[in-house]
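Notes follow once the structure below has been shown.
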Amino acid sequence: MTVSFHKYGEYFPGTGDLKDVGAEKGKYYAVNFPLRDGVDDESYEMIFKPVMAKVMEVYRPSAVVLQCGADSLAGDRLGCFNLSLKGHAECVDFIRRYNLPLLLLGGGGYTIRNVARCWTYFPSPLLHPELPYNDYFEYYGPDFKLHISPTNMTNQNTPEYLNKIKARLFENLRLIPHAPSVPMQSIPEDMIQDPEPTEDDPDERIPQHVQDKMIARDEDLSDSEDEGDGRRNESVEGASRVPYPRSHLPSPPVLWSRHTARRARLRLPRRRLVRLS
């Protein structure tokens, strides 16, 4: 992905049109923002931040190479922009806030004292604007300051023009595939809930042999002290415990429903059936 903000129209080398979006597999991976003469800090920030934020959102790079051409500064011999060092550096700080590996390159620049100021300021944003005296101090006249003051050049980049170009670039960025996000995960089989209900007749009664299998066995019953009135289920001394024959137990008229049918298939005691929700 390449992104360029540059002067366009009757200017060497004549490339970088809005329609230059790349070709074949690289189509829409070239973003060109053509600008007119006199762009200032406010106009440049108006387009740089939203366009780069959209590029970072869609493309999600793992590293950034930022070429900071000093020919966009005010007073350049060949350039026709009107940026200050602060406006230039604000764009660098915006990219730096993404906390990605960042490589800064100097780029073009045809006024030596402005290029020196630019390359000095970017690596040291906290540098005091007062330049210490050195062997090249006279190159920084007449004000002998680090920062560059914008000129009275007319800004031909109207807000309408900038918004139109920005909208077109956003449309181009929408056509490239988004960077992959969190992948979809399949649900494990042990997380699947109750099986689908069967279409059995709900009015059919449970057969006797099925009811017998659903009765809890004596050894499955709890013998804890916290049941009933607090007494343990103990037999009287000297008396024999003779269980009541199961064949004599009355058969309650339990209706055959989907729920009981599923419980019967599982062959689980009634008191052990737990429904996952």
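Indices start at 1 and increase along the chain as displayed.
Cβ atoms are placed via backbone N, Cα and C, with glycine included.
Feature list (source: TrEMBL):
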type     : residues : note
DOMAIN   : 1-122    : domain 'Histone deacetylase'
BINDING  : ASP71    : divalent metal cation binding site
REGION   : 181-258  : region 'Disordered'
COMPBIAS : 191-203  : compositional bias 'Acidic residues'
COMPBIAS : 204-219  : compositional bias 'Basic and acidic residues'
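Confidence across the domain 'Histone deacetylase' (1-122), taken as the mean pLDDT and rounded to a whole number, stands at 89. Neighbour list (the residue listed as 'divalent metal cation binding site', Cβ cut-off 8 Å, at least 6 residues apart, same chain): LEU78, GLY79, PHE81, GLY107, GLY108, GLY109, TYR110. Within the domain 'Histone deacetylase' (1-122), the DSSP-based counts of helix, strand and coil residues read 47 helix, 22 strand, 53 coil.
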